[in-house]
Amino acid sequence: MGENGDDKHGRSGQLFENFIQATTCKGTLQAFNILTRQLELDPQDHRHFYAKLKSKVTSWKAKALWNKLDKKHGQKEYKKGKACIGTKCLIIGGGPCGLRTAIELSCLGAKVVVVEKRDTFSRNNVLHLWPYTIHDLRCLGAKKFYGKFCAGAIDHISIWQLQLMLFKIALLHGIEIHVNVEFMKLLEPLEDQENQNIIALFCTESESPDNSECKTRLSAPVVFRCIVGIGGDHSFPNTLAFAFIYIYMNRNKEAVGPSPVWALAGRPRPLHTALLQPGRQQNRIDLENIVYYKDSTHYFVMTAKKQSLLDKGVIINDYADAEMLLCAENVDQDNLQSYAREAADFATNYQLPSLDFAINHYGQPDVAMFDFTSMYASENAALVRERHGHQLLVALVGDSLLEPFWPMGTGCARGFLAAFDTAWMVRSWAQGALPLELLAERISLLIFLNHRLTWQFLNPKKGLQTCHPNVWIPSHALRLSHHVKHLFITNELQTCSLERASSIRRSVGVSRHESDVRPNKLLIWCQKQTEGYGNVTVTNLTSSWKSGLALCALIHRFRPELVDFGSLKEDDVVGNNQLAFDIAEREFGISPMTTGKEMAATEEPDKLSMVLYLSKFYELFRGAPLRPVDTASKDNGDARSAKPSNLIVNNYLNLTLPRKRVPKDEKTSDDSDLNKRRKTVFRCFEEPANVPSRNVNSGNECNDTKEVINQNKVKSMATQLLAKFEENAPNTSLRRQESLTLSEADQAVTAPLTDPPPVNPRFAKPQEPTPSPPQAETKRQFQAVSRTQPVVRPPVQPRPGPAKPTRELRVVERAQSHPDDLGRSESLSSACPSALVLSNILERLQDLEEKAQQKRAQNLANRDFHKKNIKEKAAHLASLFGSVDLPKNKLPSLGFSHHSPQIPYSSSRTPDPPPPSSSSDSSPSSAPSRKSGMSWKGSTFFSKHSLNVWILMTVGKVSSGIGAVAEVLVNLYMCDHKPKPKSSHLGSLRKEFPANIGGSDTCYFCKRRVYVVERLSAEGHFFHRECFKCAFCSTSIRLGNYVFNVEDGNFYCQPHFMHSVTKNKHRKRRTESKAQLEEDKTWRSGEAEAAEVATDSAYSACSSSGDSSPVPLVPFNIPVLDPLIG
């Protein structure tokens, strides 16, 4: 039995080796069938075929291949082959891209069937491979099938070798492949069909007589949910161009590798202009470029000029139509071969030996001439068909998706990426994703592949490469679902709209705000904004913006002070673009998409990049009022200065009231409903002389109607004002803008006010009342409105008594100070009763603004005071209380010595200090309780220590001074007050944008500039791809495989995150212990000095108060307060 087992094992290994070494399509199928029959395996059982084959073939060569494939299957995206269970997929065409798609779908667990109408792989064309393509094929075990695959500096392979390699890998995955079978048509499901497999497919066998098995197998309907390989194409015209492909036999098989003329392989045209110049003069061979690879064949591709082909007799007759020009009847094959041979000898410096042409599958020399004047690409990458409630997903990969130029490797590279995107789409389809979301993502990826993908963008050293789009394309603009509705084809359009609940829902990844504007709408908006500017004609979103004048005109339209448009020159492309990019970045926060030099170097800007960039201007300025193009600003200066004085009031209301963005079709003028409402409200202020004539009690019916309308509008605006300010506090940027704008407006109306420096509210000194400056007639006329302008005032402490004066008291005070204003306001109130309501609301808004200013000033003063050490605090207290006139209290009775004497209250609102209090004023019944400016805890502790202090103190001025110092010190060290940091004042009025409009201009790691097209984002930070590394091990990490530490702001890979957390905990614990010890030491060393300084300051204050009566020195002590830590 042992010998029989060894024989069986050896025979299976030999059969597997025969399968690996097969060199033709038919030979591979024959070897595979023999292997499966010998091992008693069923290829139809696709779910368990690979596992059974791996268990029965255990040779050392096979184990190396199984290890490669097992590592590939272990990726999390595949879910151990269960991501697409129950999904049947049909691949039409067995080319490299179709087979790579089939392998990826099989790894996801889908049932895959491949049909190919040929049974031979005869494409001798050599294919250039990008680095990531080489890495992907190595992960599939390409070296096990073809040992010379990309060895050393070789980065190319013949198409038939690549196709054969993928063909064998697909068979090992249990993929059902049928050759000599051609796709015919689709059969729609019946109305009463209940089977979930919805589309029936008929295939017919080719004329091959030995394919009876395939004919029997496919004669019955086969049903699928996904079909890959169907699509229409669209032509992109180019300049007239012809190319030759001719292949020579390489009889020296060992010479596969870099050729003596390797410098010609895959290089762009500018490098060969000097090399090809002599050929034009000697042999009349005019070539634009040439590419040469040496593999199993000598492979040449060159582009020739039309006149050169006519001179050499390759083209017989000259026709205007490219199709007629290159038809078989108009091409001399003998002259074509002679031309190809002569060009190859010249390009290789006559180093090639005498070689014969290779023979293609038609039995003819492998020399071809083709036209790539028009490049073809598919209009759509995928669509969904729905019939009778059943859906079919149709996708497209390969050459029909985008016509490639094979020697440069674009076809294989983009074809493999399209295969990965299609596999990801099928995976989401199998998991129940919405059709429109799938189509939107697929079309977005297609746009990126067609326009912005280069081999430098893809990094092959990312580990195992998967079908997840974020691995390949981390940042791409996703289209919205409504852009792909035409790709959802159904026969229910007449009775059911596509905007159903299951179709219009948006996924999280699709709802990108920057793609919300449609390109045609954006173009119309740009044309409207740039109309009237010289040398600016916007006809598209690409070439019209290259000169930079259109961008500068767009900025000048809304911010004319930023751009001197008249000084710009049309031929200065670099300067114009760089100026516009810098201004947009500095003033609006819009990151530049490129630089001025790069914009000038490109023939035409990328449309997708321009749409993304211009959409940010659209989102920023679409609600702003239009400014006319002012070419003669000098002449209009007087007109602008003669505007009515109520313009400031209207500007303030424009900032305060919420601005509604009017749609384009409705925005026919600047006067929206809201603007009309504002103008109507202040019409009564513009014409004060006409106010008495509009009396409500008049008998004029027309006047009554107008008055009622005006009252309703005033009430409506007052309600909007109240709702605006009773909501949550606005963000910092808007508050900053409003304060800056209103401060400028206040300077234009009133005399300039000098803001006093912020003072700690505990130690504010009494100030003399400053006489109010003479007010202009304009401010008196708009007294009720101009009072709303926020003026920064010192912090106000509550006075003993009511928390705030009532409205009646404030009216009386205002009447005493400005009687004329009161009379005028009364006349206004009698004329327009709603104006009084509006003034009350504005007065309430002023109170809210005052409170906010007080709180900010108090927080700033507290923060500055707490930054000082104990000595500086004591010196500060002594200097403050040394200059304050303390109240001259009489000697209180001993029974009341434990009460805290009153400290003089000081505020910017109190005109005079309180008068000296009598002995009765210091009694407990009449002494009002003083509230501290800071909220603190531990009142019991304060009461006990203050009792001990005041028992040991003497009476008179000394006790008052010491009491003031002691109470302040107790409040300082008992209050655990941590003020919020105040936002720094920005000099320039720069508007802050949401994350989806603006963008960072510096990398989070290297602090260098990062452009929109190259940046990545994670956790709200922007950075370069190469800078995204682990902070512990400096290893590059992916967006989906990182951990962010909020405490230290670093990114880590998953294995090192816990290590960094543990290390940070220990370091933080040691830092806190060391800081606590240092603080205790500082406190113990400075507490005695602080007490001594405070005592001396109190004595000096008493001596300088003006009382010449001698005061006996009485010993006293101040309690020692332990510091509060934590």
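Cβ atoms are placed via backbone N, Cα and C, with glycine included.
According to Swiss-Prot, the protein has these features:
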- Cys97, Glu116, Lys117, Arg118, Arg123, Asn124, Asn125, Phe183, Tyr299, Asp399: FAD binding site (BINDING)
- Cys1003, Cys1006, His1024, Cys1027: Zn(2+) 1 binding site (BINDING)
- Cys1030, Cys1033, Cys1053, His1056: Zn(2+) 2 binding site (BINDING)
- 792-803: compositional bias 'Pro residues' (COMPBIAS)
- 516-619: domain 'Calponin-homology (CH)' (DOMAIN)
- 1001-1063: domain 'LIM zinc-binding' (DOMAIN)
- 2-494: region 'Monooxygenase domain' (REGION)
- 748-830: region 'Disordered' (REGION)
- 892-935: region 'Disordered' (REGION)
| query | Around the Zn(2+) 2 site recorded as Cys1030, Cys1033, Cys1053, His1056, what other same-chain residues have a C-beta within 8 angstroms of the site's C-beta center? | reply | Lys1029, Ala1031, Phe1032, Ser1034, Thr1035, Ile1037, Tyr1052, Pro1055, Phe1057
| note | For the domain 'LIM zinc-binding' (1001-1063), the DSSP residue counts stand at 10 helix, 18 strand, 35 coil
| Output field, Zn(2+) 1 shell: CB within 8 Å of site CB centroid, site Cys1003, Cys1006, His1024, Cys1027 dropped | Tyr1004, Phe1005, Lys1007, Arg1008, Val1010, Phe1023, Glu1026, Phe1028
| Spatial neighbour of Cys1033 (Zn(2+) 2 binding site) that is closest, considering only the binding-site residues Cys97, Asn125, Cys1003, Cys1027 and their CA atoms | Cys1027
| remark: DSSP says Cys97 (FAD binding site), in three-state terms, is helix
| request: Measure from the Cα of Lys117 (FAD binding site) to the Cα of every one of the binding-site residues Cys1003, His1024, His1056, then give the nearest. | output: His1024
| said: Excluding near sequence neighbours, so keeping only residues 6 or more apart in the same chain, what lies with its CB under 8 A of His1056 (Zn(2+) 2 binding site)? | reply: Cys1030, Phe1032, Cys1033
| What is the total of other Cβ atoms whose distance to the Cβ of His1024 (Zn(2+) 1 binding site) is within 10 Å? | 17
| message | Averaged over the domain 'Calponin-homology (CH)' (516-619), what pLDDT does the predicted model reach? | response | 88
| task | Could you tell me how many residues in the domain 'Calponin-homology (CH)' (516-619) are helical, how many are strand and how many are coil under DSSP? | result | 62 helix, 0 strand, 42 coil
| query | Taking the Cβ of Arg123 (FAD binding site) as reference, which residues of that chain separated by at least 6 in sequence fall under 8 Å from it? | reply | Ser158, Ile159, Trp160, Gln163
| query | Which one, from the binding-site residues Cys97, Cys1003, Cys1027, Cys1033, has the smallest tally of other C-beta atoms lying within 10 Å of its C-beta? | reply | Cys1033
| request: Could you round the CA separation between Cys97 (FAD binding site) and His1024 (Zn(2+) 1 binding site) to a whole angstrom and send it over? | output: 31
| remark: argmin Cα dist to Cys1006 (Zn(2+) 1 binding site) over the binding-site residues Asn125, Tyr299, Cys1053 returns Cys1053
| request: Which residue among the binding-site residues Cys1006, Cys1030, Cys1053 has the fewest other Cβ atoms within 10 Å of its Cβ, if you could check? | output: Cys1006
| request: Return one of helix, strand or coil for Lys117 (FAD binding site), based on DSSP. | output: coil
